[in-house]
Amino acid sequence: MPDKDNQLTHSYIETANPTQFDRLEDITNLRYLNESSILHTLRQRYASNLIHTNAGSNTLLVINPMAPLAIYSEKVVALFKGCKSEDMPPHIYSVAQSAYHNMLSTRKDQSILFLGRSGSGKTTNFRHSLQYLLTATGSVNKVLTVEKLTSIWTVLESFGNCKTMTNTNATRFTQIFSLDFDQTGTIASASIQILMLEKSRITKRLEGESSFHVIQRLLFGVEGNLRKELFLDQMTGNENNVFFNLHQKHEDKQRMQVEFGKICASMSALGIGEVEQKVLWSVLAALYHLGNAGANKVGNSSRYQFANPQSAQRAAHLLGTTAEELSRVTFGLSSGGMVTPNAPRQPFRTPSPTDRGLERDVSGLEALEGLVIGLYAEVFNAVASMINKSISASTYTVSSILLVDTPGFQNPATCGRQTGASFEDLCHNYLQERLQLLYHHTNLVAPKDRYLQENIDIDLDEHEHDNLINPLPLVNLLDKTAQNTVVRTSQNDLHEADRRGMLWLLDEEAIYPGSNDESFLERLFTHYGDRDHQLLLRKAPGNNQIILQHLQGTNPVLYNCSGWLKCSRENPICYHIRAGVTILQESHRDDINKLFVTAKGIGASSFSGSLVGIEGSQSLRRASSIRRTFTAGTAAIKRKSICLQTKFTVDGLVETLRRTKLRFVQCVLPQHNAGLCEINSPLLAMKPASTLNDDGILNIPLLRSQIRGGQILDSVRLQKLGFPSFLPLGEFRRRFRLLAPDYKPTTPVLDERKAVEDMLLALDMEMTSYRVGLSQVRGCFYSIVGSFTFLQTKKG
Ligand SMILES: Nc1ncnc2c1ncn2[C@@H]1O[C@H](COP(=O)(O)OP(=O)(O)OP(=O)(O)O)[C@@H](O)[C@H]1O
């Protein structure tokens, strides 16, 4: 019990709720709203296999059950179909149904955004929502079917997911899945957009992690003639491949065969023909041969060549070019390498790196890496384009629901990697910070602004208000633009105006001659080494290591900044990435160049932005808002600046989402390694969550930090104190006029506000349950309908 006489004790004790509040479906309805009560509610619900809990009208909390639950099926879909938000229990289907219902009644675009740490269940919930919407609404002319949807997942997962320290099947790209509906509320078209694919992963061999699944599935899964055609029949697994890990257990190989068969079948279901499939396999097999080819120096010179010419020859053959061309494009003409004195005219328009004087600082292996990354990115773009071709139609659509899945928040140290997070992790975490800021704006800033505009007083505890934690300071530290136009009055202002975010600093440092990771860190701490920023950023003891206090300090991440300057440099890697694109478009093999030239020009193509390039970018057919948004930041895109592209791509995504009615699904990790549940404990996966649920399974400090990082308490508290639903005065009067037969307004109504106030008095509404603003009435309108029904029942 709180000790009222002792303020100190009081401030450390959170009041418990009476037992009738146990297992509440929406934490907004807790009588005493505090962190402990939220945790208690989530824990109790999880113990009963209730993994979903509402946190206000637009947020659902879902805890990863780490085991399959029988709560997703067509029968369950039927229970939710046609329901209104207030009639449904918390469930991922209810979020999808509310979005659909709201879209039909307002004709406004909706979006569902999945937030959370890696392994928390974003992709799983993203898929359940999509499946719900498709099953509940159907599609015109079977433009999208459950079979197609499953096939899309199989294909995208193979090309864009991999095993990481935190998830056996981690998504490494951001995906916007747009369902476009016609007048009748049926899906008339659909499309995907791929953003920020972590394509550099294709060349990385990280301990305990894998490359994209498709590589292993192809290398170990393809059989028969095709295996021979791809020159994989002599693969022993003992090759010294510079990019791929080829060691596999025998049983894994069998699994790969099955998985590879599934990819092919899924592609066929999406209308991707055998010819196109073969092209994709040829390019991927070429990547493997390029990894075998490697690079070494020509004698004592500074020039490079393929270390293993036979592998280079195979790669060239599969790509529809010659080994000489491949060598020229990769290492440059003057590299000697494989260029013969009588080499024919260069068929490629691509200049070699040496033609452009770009070879400085580029090692042979880096050049090869760039090429492989470029080729892989093109393959991914082509796959996305072919998927879009299969699910889009040129019918008139009225409004859309966008579902957004992203790579989750990355903190490899929580699963045992102590060497520090990478530059790519930083980019993923920056995106998560921006999405959390979007949540902050939608649920905390915007409602308060509206109360102010409407002149509605709410009883916000000022103390709580001051304490409100905010993602903005860290987002600023990462991406703030220098303010050249600020009126400066003091030295301090001058310093503040000149201070720019880490991504900008990294971008600038990358183009200074003689700069390195150390000089970048020195600059970073010149900008952010003061006491004000110590809570956000500090040096770590290790070489080139820093700690960023992410998500309002709830998730400190140790980063290893070695190699970051190279990662963010425009050249040399980008040059080779572009070379990869040209190789495919100018291939001697008709099938290859046809596929990659058409992939660029397909009408409803994907927007395939990425960490490195936004090649192949085309906007969606209907979503004109998306078209407008993603043309922003073209300067950075032209410059091929990796850091700035990341910022502008995220700007574009956030802007797109802002224009829609947003719903958030905050996915929660019950354990740091919940994403590894499939391999960690197959037995565990067989058991229902209820039998597992004690504090050994539900890590309470981890849960607490996610609730804090997700700003759940602040958001729910504001909803509880405020008046979250609202209607314009005129509409309110028209809609509820019938409920107050005794109310006779003077006609014409000159003062809408007064008329509404009179009507509410006539309705005898509880005055604390609503507020009449300058242009809106805010309150809970269901209670009006509820009391009216009650009145009628009593009378009748
Ligand atoms: N609702 C659920 N029911 C059953 N299992 C689940 C559920 N949600 C998550 N899981 C399990 O957790 C694993 C990780 O989930 P998922 O891949 O969806 O996480 P994620 O948040 O998308 O991760 P990342 O950000 O790394 O892509 C899944 O492979 C699955 O085994």
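Every residue, even glycine, has its Cβ placed from backbone N, Cα and C.
Now, the feature entries from TrEMBL:
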| type | residues | note |
| --- | --- | --- |
| BINDING | Gly116, Arg117, Ser118, Gly119, Ser120, Gly121, Lys122, Thr123 | ATP binding site |
| DOMAIN | 22-793 | domain 'Myosin motor' |
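Over all protein chains present, the Cβ of Gly116 (ATP binding site) has 25 other Cβ atoms lying within 10 Å. Taking the binding-site residues Arg117, Lys122 in turn, the residue surrounded by the fewest other Cβ atoms inside 10 Å of its Cβ turns out to be Lys122. Checking the binding-site residues Arg117, Ser118, Gly119, Ser120, Lys122, Thr123 against ligand 1, the ones whose Cβ sits under 6 Å from it are Ser118, Gly119, Ser120, Lys122, Thr123. The predicted model assigns the domain 'Myosin motor' (22-793) a mean pLDDT of 82. Around Gly119 (ATP binding site), a 10 Å sphere centred on its CB holds 29 further CB atoms from the protein chains shown.
Sequence-distant contacts of Gly121 (ATP binding site), defined by Cβ-Cβ distance under 8 angstroms and a gap of at least six in the same chain, are Val62, Asn64, Cys667, Val668, Ala674. Other than the site residues Gly116, Arg117, Ser118, Gly119, Ser120, Gly121, Lys122, Thr123, same-chain residues with C-beta atoms no more than 8 angstroms from the centre of those residues' C-beta atoms, the ATP site, are Asn64, Phe114, Asn167, Gly408, Cys667, Leu669, Gly675.
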